[in-house]
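**Student:** Before anything else, here's the structure in question.
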Amino acid sequence: MDNLIEIRGVRHAYKTKSGPLPVLDGLDITVPEGEFCAVVGPSGCGKSTLTRLVAGLMKPDAGEVWLHGQKVTSPRKTVGMAFQNPVLLEWRTILDNVILPLEIVAPSMPRRDRVARAEALLEMVGLAGFEAKRPSELSGGMRQRASLCRAIVHKPDVLIMDEPFGALDNFTREDLWQTMHDLRAKEPFTAVLITHDLRESVFLGDQVVVLSGRPARTQFILNVDLTQDRDIDVLYTQKAADMLHTLRDQIKIAQGRDPEAA
Amino acid sequence: MDSLRKIAVPVGAIVVFLLFWEALVQINNWPNYVMASPSDLPAAYAQFWELFLVGSWQTLWRTVAGLALAVLFGLLLGMIMGFSRIARDALYPLLVGFNAIPKATLVPVLALLFIGQHDFNTVMMAFLISFFPIAVSVGIGLSTLEPEYRDILRSLGASRFTIFRKIALPKTLPEFFGALKVSVTLAFIGTNLVEIVSPHGRGLGALFLSGQTNSNYPLMFAVLIALAILGIALYYGVVALERIFAGWAERQAT
């Protein structure tokens, strides 16, 4: 099984007062093991629905979601999630926040091992020394770093991120992109990243999937042929500029505008 | 220096209040059947200290027992309303209606239902008057939990109970303690209501009533002060519990 995530012909509609509202219609995404898939699209096109489908929190009306060759029908222990809001538990220290998934997934793991695992991750993202702090004592960027540690502490097969850097300022965001790359080098994972930021999608993604406007289908797939280890300068090369331009045009099409006229 | 100020300021305020009260009575030359003055009180306490001790204990334990019932029942009701929309829609009007009934009207109802069970009636009243804020605040706290909090654990296959224990319950604690501060005072009022209204009552309320019957005005005022002190003690008991269990919600001054 080479493809870790396979989404085939997924359709989904929400029930609203004015009848069903289709959000996904003909979604196909394939992510090989270890790859990083960035998903972009106009706002309100059902990107967050996609994360809930992959996590098994929802079932699609039609079509199938497969993880590791198994059809997803309910939540599994093998996913990690991160959101725009870091949703840390304010009554726990940063360390205990990171440990939380282990308490569910590996209840028999000794506390000592959990702490060691969490400390190692916090060190990787530059939060060494903040283990005993409460979330309210940290900046937004630091909280998001802790949230990422929590999402991967149980070594999930799939990391699902819904605009995790959306609420951060530009420089902090670029720092976190770099952290993401460094983490991937040490802790390989397969990832789905929902984002609005084209630069982010090119910098982090191995492939970028462009969704059409609602109801969303897979409109375009860009293979990012940049080397695996990247730093932020790569975004200022001609190659990256061309890719960004292609994506920009695709977004215009997704929004229903003619790329030439716009 | 800081801790000295923390004690000195409130104590000073109380002294000023007592002086003002004393002056008010002296200047107006009120006899003590209009208003007793603080200087009348020590004599009343000295004369009836045993009754004060027994009465305070009776008032205290019945208030705490009623409040404990209110916490259990309020939490349960809040959980039901927090997790089920149907239960919320069904229970809310009933609860609001029940809460709107002046509780004094329930004293004879309880007294007839459970004739002669004075302790039980008093505890029931303390409970009935104080569970509402707890149920409502826990219900609102649970129903307004952001879905992401739930999703973090749900995506790992955690059970509803685990999500409640690890996330929903601790997250609701600040609201719970906010409500408990209101409820503790209400329970106290409920206890005293029964003590004063029902014949052959016990506790500080009954002592107040006997002061009234015997025209012992300094005793009545002494009971009022004792009630205030007991009320303060109960309130700060809840504050201490809040510090222990929900201290994380308090932001450091920056």
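Cβ coordinates are placed from backbone N, Cα and C, and glycine is handled just like the others.
Please treat TrEMBL annotations as automatic predictions, because they have not gone through curation.
Pasting the relevant annotations from TrEMBL:
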type	residues	note
TRANSMEM	B:7-27	transmembrane segment
DOMAIN	B:56-238	domain 'ABC transmembrane type-1'
TRANSMEM	B:60-83	transmembrane segment
TRANSMEM	B:90-116	transmembrane segment
TRANSMEM	B:122-145	transmembrane segment
TRANSMEM	B:176-197	transmembrane segment
TRANSMEM	B:217-241	transmembrane segment
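Walk me through where these features lie, including what they touch and how far apart they are.
**Tutor:** Away from its own ends, the transmembrane segment (B:7-27) comes close to residues 35-39 of its chain (Cβ-Cβ under 8 Å, at least six residues beyond either end).
Here the transmembrane segment (B:60-83) has long-range neighbours at 91-92, 95, 119, 122-127, 129-143, 164, 168, 172, 176, 179-180, 183-184, 187-188, 190-191, 203, 230, 234, meaning same-chain residues at least 6 beyond its ends whose C-beta is under 8 angstroms from one of its own.
Residues 77, 80-81, 124-125, 128-129, 132, 135-136, 190, 193-194, 197-198 of the same chain lie 6+ residues outside the transmembrane segment (B:90-116) yet bring a C-beta within less than 8 angstroms of a C-beta in it.
Remote same-chain partners of the transmembrane segment (B:176-197), defined as residues 6 or more beyond its termini with a Cβ less than 8 Å from a stretch Cβ, comprise 58-59, 62-63, 66-67, 70-71, 74-75, 103-104, 107, 110, 118, 121-122, 125-131, 133-134, 136-138, 141, 203-206, 208-209, 227, 230-231, 234-235, 237-239, 241-242, 245-246.
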**Student:** Residue list, the transmembrane segment (B:217-241) vs rest of chain: Cβ under 8 Å, 6 or more residues beyond ends.
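**Tutor:** Non-local partners: 32-33, 35-36, 40-41, 43-45, 48, 52, 55-56, 59-60, 63-64, 177, 180-181, 184-185, 188, 192, 204, 207-208, 210-211.
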